[in-house]
Amino acid sequence: ILFLLIMLLSPCVLLHAIMCRVSCSYGYAWDANEEYLFKAMVAFAMRRYSSKSTTQISNVLLCNVTDRVSFWFVVTDSTKNVTTVPGSEVEEAVRMNRNRINSAFLLNDKTLQFLKISSTLSPPVEPSTPVWLIVFGVVLCLTVAGIVFLIVSGIQRKNKESSETENLEEKCEVTVTIENGIPCETLDLKAGHINGVYAADDERFTSL
Amino acid sequence: MDVSSLKAVLLEGLATCDVIKCQSPFPEMEKSRPLWDNPLQFVFACISYAVGLGNVWRFPYLCQMYGGGGFLIPYFVMLIVEGMPLLYLELAVGQRMRRGSIGAWRTISPYLCGVGVASVVVSFFLSMYYNVINAWAFWYLFHSFQDPLPWASCPLNSNRTGYEAECERTSPTQYFWYRRTLNIAPSLEASGGLQWEQALCLTLAWLVVYLCILRGTESTGKVVYVTASLPYCVLIIYLIRGLTLHGAVNGLIYMFTPKLEQLANPKAWISAATQIFFSLGLGFGSLIAFASYNEPSNNCERHAIVVSLINSATSIFASIVTFSIYGFKATRYAPSLFPRVILLLTNAFDLEEGSLTADNLSAVQAHLAAAHPHAYAELLPQLKNCSLEAELDTAVQGTGLAFIVYSEAIKNMEVSQLYSVLYFSMLLMLGIGSMLGNTAAILTPLTDSKFIATHLPKEVISGLVCLINCVIGLTFTMEAGNYWFDIFNDYAATLSLLLIVLVETIAVCYAYGIRRFEKDLHTMIGHKPSWYWKIMWAFASPLLIISLFIFYITDYILTGTLQYQAWDATQVKVFDYPGYALAVIGLLVAASTMCIPLGALVTFISRRLKRENISTVA
């Protein structure tokens with residue numbers, strides 16, 4: 001009996017043990033019946049994976065069951081002298097049948113966690129051209145069109161203006177203000193403020 | 001009357017003639033200067049320029065750090081002492097001289113042409129890095145059209161067994177910002193390559209800016225109608241949405257309860273002064289450029305008061321929106337921390353399901369800490385403090401606030417795509433409005449200079465400026481680009497602007513003469529400025545700027561080495577700047593500040609040479 005006890009306890013220390021945890025918000029009632037179902041599901045998974053019908057419910061050993069509802073389990077191989085099945089095989093088996101195991105307990109990947117076995121998430125749908133490039137292209141085309149339009153209309157306006165000013169300049173040449181027979185531009189109107197003749201020799205005049 | 005007195009009368013008449021000719025506001029030989037279509041365009045342009053991203057992402061942070069509602073007191077004091085007078089001064093100078101910054105200061109005194117050049121250099125640095133923000137806003141805007149927003153959830157990792165590791169450790173919004181947008185390098189030295197997506201967005205941003213400034217005031221005048229008004233529409237929508245969000249009131253109460261003891265902290269007053277100063281965009285030459293396109297009889301006093309009040313009101317408005325968003329985020333996030341902590345503890349210590357609740361959490365935590373100290377200590381980093389106050393205390397500013405915190409809040413709203421599009425369009429409008437002012441500050445002196453204007457048409461000058469800035473701006477799209485951005489953001493404009501505005505104020509008050517300035521204003525507006533303006537210009541503002549200047553210099557000296565914050569895939573780390581980065585910082589500051597004495601020196605030397613030439617010839 002001591003030997004059996006040791007055999008029961010020691011598997012959990014081995015590397016091949018996998019931890020399982022129920023993490024449910026409403027509190028999952030875990031009892032011996034649920035444990036039995038769990039063992040049955042793991043045995044079922046092992047059978048489907050290795051397709052040999054030798055795994056029995058008694059081959060699945062649970063240990064360290066806590067109130068949290070977390071425990072370790074191993075699968076032994078009764079054909080090979082009570083050795084444990086490598087953890088990688090068990091992992092693979094559980095991963096393949098994860099859906100069935102979850103459904104048996106009415107849980108899902110998040111609430112029934114196998115700590116070394118990660119679930120495959122479905123990728124989001126991505127369109128072939130990223131959406132942002134499309135919007136970018138639209139805005140770019142609008143901006144470039146606006147720039148081209150403004151530049152072209154600016155050039156056209158300048159051409160029209162330069163032809164108009166040429167006409168005006170021709171007309172302007174005719175009208176030149178004339179004062180006293182002398183065109184205004186030659187008269188330096190500002191210099192007329194001081195008559196240089198008088199400013200130079202004011203010393204000659206006697207003060208009054 | 002004797003001839004000498006006659007001569008005296010004549011000479012006096014000539015002297016007044018000279019004065020009139022020199023100070024004529026309508027120089028005869030000038031080709032007609034383009035004007036704003038109506039004064040409203042000018043006001044909108046100033047508002048669009050002054051109300052920028054700083055109002056949205058800096059003021060709420062300052063409010064939070066320096067005492068909530070109590071911060072408004074130093075803010076308004078500084079507005080009255082510093083903001084309004086300096087704004088009025090710049091607008092008046094621009095309107096009076098009817099030239100860009102270089103021409104205007106040269107007219108006031110030929111030795112001051114260096115001030116104008118310094119303004120242009122600072123504006124050039126600013127436009128180099130500022131448009132990168134618009135590129136980021138475009139990037140986020142384009143991504144807002146996707147059905148689940150890309151920052152709503154983490155992407156899957158390569159073998160699809162879980163989420164991307166980096167994203168798991170931080171959060172989807174941080175991941176999207178640091179990895180998908182910036183693809184940030186872990187430090188400044190690891191430059192990394194160019195991000196082609198960001199480069200495309202930057203090119204687009206420059207094309208849009210070029211489109212708006214292409215025709216000068218004609219095109220800018222129409223664009224500012226949109227860039228000035230759209231942000232307010234969006235802010236109103238967000239205000240209504242924000243106030244109706246669950247938990248918004250918590251944020252608002254937290255913000256507006258004044259913590260008056262902060263008023264004793266000198267940093268609060270200094271931050272208020274700095275914020276007013278930089279928020280109005282003084283010293284760049286943009287305000288001078290805008291005002292130079294005004295009718296000479298425009299009432300710039302009224303406009304100055306209106307623009308500065310609207311700028312401050314917008315800051316407060318934006319911080320109300322920001323704090324309701326903070327409250328919403330905190331109220332949503334803090335309670336969700338409880339289940340996470342409970343799960344963590346339950347798993348770690350194998351406790352019974354349901355034994356830990358929010359009520360007994362703290363008691364059980366204490367018990368566990370006593371019973372299993374070692375295991376508990378290992379878990380401690382992950383057990384964050386989940387209280388509402390702790391959430392609200394995390395103050396964020398800058399790009400972190402605009403792109404991480406806000407997008408976090410947006411993804412939790414219903415119809416998140418719509419709110420996202422609205423928000424990033426608003427950021428874009430704010431950014432482009434400020435860019436219009438910056439480019440006007442660079443282009444107006446260039447187009448005023450006869451040498452350049454006769455050889456190249458306006459469109460080509462604008463195009464060249466945009467092209468040069470775009471090419472240099474590509475450095476900020478590299479992997480380490482965000483660190484260079486921070487360098488430019490922190491050092492390119494701060495000290496130089498203080499110096500420029502100080503020299504401007506002293507020049508107008510003491511070199512040009514406050515009496516002459518008064519008379520000019522009387523000619524333009526119709527009444528002389530009141531004693532309040534004169535006291536502020538002559539004493540209060542220069543003293544304030546000098547004290548700010550001294551504070552900054554002592555701060556730089558006391559902190560010793562300059563440091564920066566780097567992101568290394570999970571958290572922020574602080575490093576020292578390497579040598580070449582420090583050299584760039586020094587260059588940035590020196591390039592603009594040295595222009596002022598250099599300009600004076602060059603003018604002095606050229607005048608001496610001219611006088612010698614005249615004396616040798618005559």
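Heads up, the Cβ atoms here are built off N, Cα and C, so glycines get one too.
Worth saying up front: this structure is predicted, and the values here are computed from it rather than measured.
Features reported for this protein in TrEMBL:
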TRANSMEM  B:39-59  transmembrane segment
BINDING   B:Ala50, B:Val51, B:Asn55, B:Ser279, B:Asn311, B:Leu430, B:Ser434  Na(+) binding site
TRANSMEM  B:71-89  transmembrane segment
TRANSMEM  B:110-130  transmembrane segment
TRANSMEM  B:196-214  transmembrane segment
TRANSMEM  B:268-293  transmembrane segment
TRANSMEM  B:305-328  transmembrane segment
TRANSMEM  B:421-443  transmembrane segment
TRANSMEM  B:464-485  transmembrane segment
TRANSMEM  B:491-514  transmembrane segment
TRANSMEM  B:535-559  transmembrane segment
TRANSMEM  B:579-605  transmembrane segment
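Taking every recorded stretch in B:305-328, B:491-514, B:535-559 and counting its Cβ pairs under 8 Å to the transmembrane segment (B:110-130), the highest total belongs to B:491-514.
Shown in sequence order, B:Ser279, B:Leu280, B:Gly281, B:Val307, B:Ser308, B:Asn311 are the residues of the chain, 6+ apart in sequence, with a C-beta less than 8 angstroms from the C-beta of B:Ala50 (Na(+) binding site). The stretches the transmembrane segment (B:464-485) and the transmembrane segment (B:535-559) are not in mutual contact, being linked by fewer than three Cβ pairs under 8 Å (pairs 6 or more apart in sequence). The listed stretches are B:39-59, B:71-89, B:491-514; of these, B:39-59 has the most Cβ pairs under 8 Å to the transmembrane segment (B:305-328).
Excluding the listed site residues B:Ala50, B:Val51, B:Asn55, B:Ser279, B:Asn311, B:Leu430, B:Ser434, the same chain places B:Ile47, B:Tyr49, B:Gly52, B:Leu53, B:Gly54, B:Leu280, B:Gly281, B:Thr314, B:Ser315, B:Gly433 with Cβ atoms within 8 Å of the centre of the Na(+) site Cβ atoms. When Cβ-Cβ distances below 8 Å are used as the criterion, the transmembrane segment (B:196-214) is approached by residues 131-132, 134-136, 138-139, 142, 181-182, 220, 223, 432, 435-436, 439-440, 443, 459, 462-463, 466-467, 469-470, 473-474, 476-477, 481 of the same chain, each at least six residues removed from its ends. For B:Asn55 (Na(+) binding site), the same-chain residues that are 6 or more apart in sequence and have a Cβ closer than 8 Å to its Cβ are B:Ser279, B:Asn311, B:Thr314, B:Ser315, B:Ala318, B:Leu430.
Counting other C-beta atoms within 10 Å of each candidate's C-beta, the binding-site residues B:Ser279, B:Asn311, B:Ser434 are led by B:Ser434. The transmembrane segment (B:71-89) makes no contact with the transmembrane segment (B:579-605): fewer than 3 of their CB pairs lie within 8 A, with pairs spaced 6 or more apart in sequence. Ranked by number of Cβ pairs under 8 Å to the transmembrane segment (B:579-605), the listed stretches B:421-443, B:491-514, B:535-559 are led by B:491-514.
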